[in-house]
Ligand SMILES: Cc1cc2nc3c(=O)[nH]c(=O)nc-3n(C[C@H](O)[C@H](O)[C@H](O)COP(=O)(O)OP(=O)(O)OC[C@H]3O[C@@H](n4cnc5c(N)ncnc54)[C@H](O)[C@@H]3O)c2cc1C
């Protein structure tokens, strides 16, 4: 096994790739441990239209949410990318950073995370097609582009939103936080997915200060007293211990980071004792506060003509609005799908055949339901019990019902003519609640399971150090205290950027 590292970063996804690159560029010797294979130059990863198929198979961890009656006992897979770049290599490539109100809520529990605090790191990460602006970065590692507006469904979404009274916005990451507009994507100028691995790691591969170990699983942390000094890994050459002279950064994502902490004895005393894991540090909140955006997959409609081949990721616009006018910020988000889109329960109920079917995905972005992750065994390969409690907060259900009504009216409006022909799923506005429960899935934004905060109960400090352990930080979606009303790749990239600053200042 190689040695001589200052830092070991576990996971090469949205957070891990950013923190590793920034530590490297500051002169540190960095090892990145990644359970999956390299994704660099892999055709199915780089082709945006193939993203949906990456959720099943070798590029994914294969996790599932534990069913509840609220979603009619259905199984919901919760995909997580397994490969260099993590979920940024398998996600839908939407780049949406959220609005100041999202970060004001972070700042309230973790001082130092207001929008003004976070904006420089967002800008540092971005190479926005429109160039440097007050709110946008023009020279960062990650390419962010806007799609063409020429697909008939894109046109219909823009005109339909306007017909419903929404402003048509220039840029969802610009100053106007509500309306309908072309989305931003992690797609480069040549039309390829731009993963965090391609953006942050590929340019420094070959540097003598960077070691990337793919197909290497972190099994647990190694400690000397109250300091994390390394990681036990299982790789192509067997099980070995890797050591770091300064510390270890957990960036294994919102499901695997709490697992690694618990396997290493950091978690709920009673839960660890039940599994025979020796308690190193009692931290009851590890694994708690699991959040995700419920996503309806999806409303399906018949168009008056065949849709033709998919463009980009098969979407193109974002529609961002409020379920109730009095809300302080938008809580609903919809995106088009240039083809049918359905969970298995909808396939069974509706006729979705034909090349003239299009869909609209609907998510509630100010979701309030909370859940938890539990280990089922001390075996690192065992399935996790992952319970997000989707729809347990009545506000989430009410907002989704309003959203379905809004979208059905929008598709029937003049803005969608002559593109729209008929409703398929749901067929009518009768019993939308059952449609919501039957189509509810994940927006893939699980987070919050090792939350940061100034409060004694929060496992991680606002500067991302694990409380009670020296030399151990978290730089992934786990630390998010409250899910922002946006997709999560951009916020986690920003967390990775800021983690490096904090670590360099505090280590
Ligand atoms: C199918 C899908 C679609 C999505 N669509 C969007 C979208 O369009 N826009 C958006 O903003 N967000 C989207 N997301 C969410 C977004 O991609 C994630 O929130 C974000 O990438 C999470 O970053 P992370 O660093 O926390 O974890 P990840 O990016 O998942 O990185 C974790 C890494 O750690 C590795 N790892 C885990 N455990 C171990 C271990 N024990 N040893 C070694 N390595 C380990 C994993 O293999 C992975 O590479 C989507 C996600 C998915 C899965």
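Placement of Cβ uses the backbone N, Cα and C atoms for every residue, glycine included.
Feature annotations, reproduced from TrEMBL:
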type	residues	note
DOMAIN	253-267	domain 'Glucose-methanol-choline oxidoreductase N-terminal'
ACT_SITE	445	active site, proton donor
ACT_SITE	487	active site, proton acceptor
CB contacts for the residue listed as 'active site, proton donor' [other CB atoms within 10 A, all chains]: 28
Euclidean distance between Cα atoms of the residue listed as 'active site, proton donor' and residue 487 (active site, proton acceptor), Å: 7
The domain 'Glucose-methanol-choline oxidoreductase N-terminal' (253-267) - residue tally per DSSP class, helix then strand then coil: 11 helix, 2 strand, 2 coil
